[in-house]
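According to TrEMBL, the protein carries these features:
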- CYS127, CYS129, CYS137: Zn(2+) binding site (BINDING)
- LYS202: active site, schiff-base intermediate with substrate (ACT_SITE)
- ARG212, ARG223: 5-aminolevulinate 1 binding site (BINDING)
- GLU239: Mg(2+) binding site (BINDING)
- LYS254: active site, schiff-base intermediate with substrate (ACT_SITE)
- SER280, TYR319: 5-aminolevulinate 2 binding site (BINDING)
Amino acid sequence: MAADHLITPTPDFRFRRLRRTAALRDLVRQTHLRVEDLILPLFIEEDISEAVAISSMPGVYRYPEKDLADIVRKAAALGIRAIILFGVSHHKDDCGSDSWQEDGLMARMIRTAKTAAPDMVVISDNCFCEYTDHGHCGVIAGDDVDNDATLANLARQSVVAAQAGADMIAPSGMMDGMISAIRAGLDDAGFSHIPVMSYSTKFASAFYGPFRDAVDSTFKGTRESYQMDPGNAREALAESLQDEAEGADLLMVKPGTAYLDVIADIRAHSERPLAVYHVSGEYAMIKAGAAAGVIDEKAIVLETMTAFKRAGCDLIITYYAEDIARWLASER
Ligand code: PBG
């Protein structure tokens, strides 16, 4: 950032004057983390009776569908205002058709969550990888995902999610044109009031490893033909701006910690609210470091979240949402 608008301090200016007491530091802190910034991801599995612990992500579970209402009410009681739902399907096929059935897992999760906590912002993760038997984020043609065939399915799936009561549609599959297709589908079905949060800049990242355990993925391939190359900063901006032009109401960068430059760049070029996804591998690394006794978990988490906001994010999707809500409440 150019510093030419700043007053040049005198050579003997003392920065430490405003660092002297906790009250002074609080008074001049620029970046604040609020419970309203947080979105809690939830993994819901059909046809199981007990929660399944995810070994690589201590504290995170695949919950049975019957527990969803309780989990959502518990999150609401902590002050969490938004959740994003991931289904773990037992009805997988080659195109992920369960995800657009009116009584499929995705629709049922949304209805259950909205009924349990009507004021909760219920966000639907709209993708196919948890509903396809091959684990890719769309329809396969030859040895790759067929972009345009997937778009039609995404539009159907999004309309079903909106009919079930989703407050926001969040497509994560990185198909070209996905925002236009979903927007048109929603508008045609009478859902022009439902916003779309695009996973607009999503990298093909090694940080998603534990998520694949979390959703019990059988996926063995790579998503490099649709997710972004971690080396590409210009493309990262272009892809978010493309989604904005297609009508995305909110943009997203994923993962977070390794991509703060990308967050800052999108923030500088868009007026849309911006989310970051603090992904499974980022969570797992902090947990592992804390378990090894080499880092202070709470301090590291709060510093990381503050860095996301400082870089320019408004919203943070994180598996730490419940812990952060408790920590923030205890500091009041
Ligand atoms: C796929 C999807 C992924 C995540 C959310 N939705 C990852 C992937 O590409 O396999 C990752 C979330 C995480 O790692 O926490 N649509």
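Cβ coordinates come from backbone N, Cα and C, glycine included.
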> What is the total of other Cβ atoms whose distance to the Cβ of ARG212 (5-aminolevulinate 1 binding site) is within 10 Å?
Replying inline: 16
> Quick one: which residues besides CYS127, CYS129, CYS137 have a Cβ within 8 Å of the Zn(2+) site's Cβ centroid, in sequence order?
Replying inline: GLY96, PHE128, GLU130, THR132, HIS136, GLY138, SER172, GLY173
> ligand 1 is in the model; which of the recorded positions CYS129, CYS137, LYS202, ARG223, GLU239, LYS254 have a C-beta less than 6 angstroms from one of its atoms?
Replying inline: CYS129, CYS137, ARG223
>> Can you tell me whether DSSP puts ARG212 (5-aminolevulinate 1 binding site) in helix, strand or coil?
In response: helix
> Going along the chain, which residues six or more apart from CYS137 (Zn(2+) binding site) have their CB under 8 A from its CB?
Replying inline: CYS127, PHE128, CYS129, VAL145, THR150, SER172, GLY173, MET174, MET175, ARG223, TYR226
> In whole Å, how far is TYR319 (5-aminolevulinate 2 binding site) from the residue listed as 'Mg(2+) binding site' when you measure between their Cα atoms?
Replying inline: 26
> Given the recorded positions LYS202, ARG212, LYS254, which lie within 10 A of SER280 (5-aminolevulinate 2 binding site) by CA-CA distance?
Replying inline: ARG212
> Across all protein chains in the structure, which of the binding-site residues CYS127, CYS129 has the highest Cβ count within 10 Å?
Replying inline: CYS127
> At the level of the C-alpha atoms, what whole-angstrom distance separates TYR319 (5-aminolevulinate 2 binding site) and LYS254 (active site, schiff-base intermediate with substrate)?
Replying inline: 14
> Between the recorded positions LYS202, ARG223, whose Cβ has more other Cβ atoms within 10 Å than any of the rest?
Replying inline: LYS202
>> I want to check the contact list for LYS254 (active site, schiff-base intermediate with substrate): same chain, sequence separation of six or more, C-beta distance under 8 angstroms. What comes out?
In response: TYR199, THR201, LYS202, PHE203, SER205, VAL276, TYR277, VAL279
